[in-house]
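Copied over from Swiss-Prot:
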BINDING   Thr14, Arg84, Glu85, Tyr136, Asp246  sn-glycerol 3-phosphate binding site
BINDING   Thr14, Arg18, Thr268, Gly311, Gly412, Asn416  ADP binding site
BINDING   Thr14, Thr15, Ser16, Thr268, Gly311, Gln315, Gly412  ATP binding site
BINDING   Arg84, Glu85, Tyr136, Asp246, Gln247  glycerol binding site
Amino acid sequence: MTEQKYIVALDQGTTSSRAVILDHDANIVSVAQREFTQIYPQAGWVEHDPMEIWATQSSTLVEALAKSGIRSDQLAAIGITNQRETTIVWNKETGKPVYNAIVWQCRRTADICEDLKSRGLEDYVRDNTGLVLDPYFSGTKVKWILDNVEGAREDAEAGKLLFGTVDTWLVWKMTQGRVHVTDYTNASRTMLFNINDLCWDQKLLDEMGIPASMMPEVKRSSEIYGKTNIGGKGGTRIPIAGIAGDQQAALYGQMCVEAGQAKNTYGTGCFLLMNTGQEKVTSKNGLLTTLACGPKGEPAYALEGAVFMGGASIQWLRDELKILNGAEDSEYFATKVDTSNGVYVVPAFTGLGAPYWDAYARGTIVGLTRGVNSNHIIRATLEGIAYQTRDVLDAMQADSGIKLANLRVDGGAVANNFLMQFQSDVLNTEVHRPQVTEVTALGAAYLAGLAVGYWNSIDELQDKAVLDRTFEPHDDEEKRNRRYKGWKRAVKCAQTWSELHDEDD
């Protein structure tokens, strides 16, 4: 009997760094987590300290090993998944960042984006990167650092500076500066990567004044990039063998590796990704085209849509309206009534995301009558999350021409059985909830394990993807269509609110 080996996933998120150790049956053996500082230098700006990201991430690996009594020489490989778009620029000679990491949420580069739009680059960005010209993505963040940090542009042009998303920074640190790489999924979120030719886009680098020498080499999401001694005693060298951005790692962890397979992560917002296989689909409905992973970690195309308010709308019921003590109580109260009594809640608190992209829409409750109570409003709020998910999935199916096979789900809100059943009814599609909901870490671990032969094939992994529950649609077509029509009317009310204000003026 050979000694038990394990895979570790490093999950570097927006608020914390985690290490998750898995065994051969994909059971979680040990988890360690450390939060780190959120830095807000001014309104709309968000930063992290790259050295703190590194310190918290490396210490979680040591801690996860110590907690479980697993030795470093029992690790078959390390997989990395990370918050996407967050941008780090560092000096390759000193290993020191020239500025804090500029986080994906940071809006400081809005003016740079407007300038690029005025130069007619919007269509070029959409056609070649699959993205919209927005401060969310890495490209304008790199330009900002080069333009605003003293000496940065000169050093960059002299070949002294390197750029990376968080995955690149971690691999560079773990290999003592020997390896400067990223994977296709992270590269596709920079707004600097051509997803048609699968290479850095020279025109966009030139337009933003970014030297090509700063860019990491782009590799598949499943291969050995280098080896590390991190957490290792003496000469133990552990292969770093998997990299994927968090949403793409979740897509892979859910085994959505073929065209038409999709997942929804129900967090603060909702992140929907649909694998479209080897065919690049350009959205006509405000979705992003991005790169994901095929069965062997090779690049595949995907459509991505985000809903701004998912679980956050339940927090609003708890914190602001105070009609819930805990978010988990929402299921109990929603099932105290048979219907939402004609009420629709459109949680457009910060506008509407895909497929509407209406920054001026505002939250709306419509259909109120004297018989409506707090349970109806709680139920309608949960239903609103499911309707928004249908809005995005309808757009994905229209864009791709691919019928959704089923919806795989993960994230905190999937514990809510009422929401999951209603989601199935609204979509007229099966909803699959996995037993292990740590799908982001699973995805990174699977990619790493396949690269080193820890698992032999995607088929072996499919067998490990045990479902906790399958929700099947119950509604008849007439009822489903009538409800959804009502939702569309409610959304129109949310969108008309600001237009009416303009007319009053």
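Every residue, even glycine, has its Cβ placed from backbone N, Cα and C.
Computed from a predicted structure; not experimentally measured.
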Seminar exercise, completed: Within 8 Å of the Cβ centroid of Thr14, Arg84, Glu85, Tyr136, Asp246, the other same-chain residues by Cβ around the recorded sn-glycerol 3-phosphate site are Gln83, Thr86, Val103, Trp104, Arg189, Gly245
Problem set entry | From Thr14, Thr15, Tyr136, Asp246, Gln247, Gln315: binding-site residues whose CA lies within 10 A of Thr268 (ADP binding site) | Gln315
Problem set entry | Local backbone state of Ser16 (ATP binding site), from DSSP in three classes | strand
Problem set entry | binding-site residues: Thr14, Thr15, Ser16, Gln247, Asn416 - member with fewest neighbouring CB atoms within 10 Å | Thr15
For this session: Compute all pairwise C-alpha distances among Arg84, Glu85, Tyr136, Asp246, Gln247, the residues listed as binding glycerol, and give the largest one in whole angstrom.
Result: 15
Exercise. CB neighbours of Arg84 (sn-glycerol 3-phosphate binding site) within 10 A?
Worked result: 25
Seminar exercise, completed: If you measure between the CA atoms of Thr14 (sn-glycerol 3-phosphate binding site) and Gly311 (ADP binding site) and round to the nearest Å, you get 17
Seminar exercise, completed: Among Thr14, Thr15, Ser16, Thr268, Gly311, Gln315, Gly412, the record's ATP-binding residues, the widest C-alpha separation in angstrom comes to 21
For this session: Please work out the number of neighbouring Cβ atoms within 10 Å of the Cβ of Thr268 (ADP binding site), leaving out its own Cβ.
Result: 16
Problem set entry | Gln247 (glycerol binding site) as reference: those binding-site residues from Thr15, Ser16, Arg84, Gly311, Gly412, Asn416 with C-alpha within 10 Å of it | Arg84
For this session: Taking the Cβ of Glu85 (sn-glycerol 3-phosphate binding site) as the reference point, list residues of the same chain whose Cβ is under 8 angstroms away and which are at least six residues distant in sequence.
Result: Trp104, Tyr136, Phe137, Ser138, Lys141, Thr165, Arg189, Thr190
For this session: List the other residues in this chain whose Cβ sits within 8 Å of the Cβ centroid of the glycerol site residues Arg84, Glu85, Tyr136, Asp246, Gln247, in sequence order.
Result: Gln83, Thr86, Trp104, Arg189, Gly245
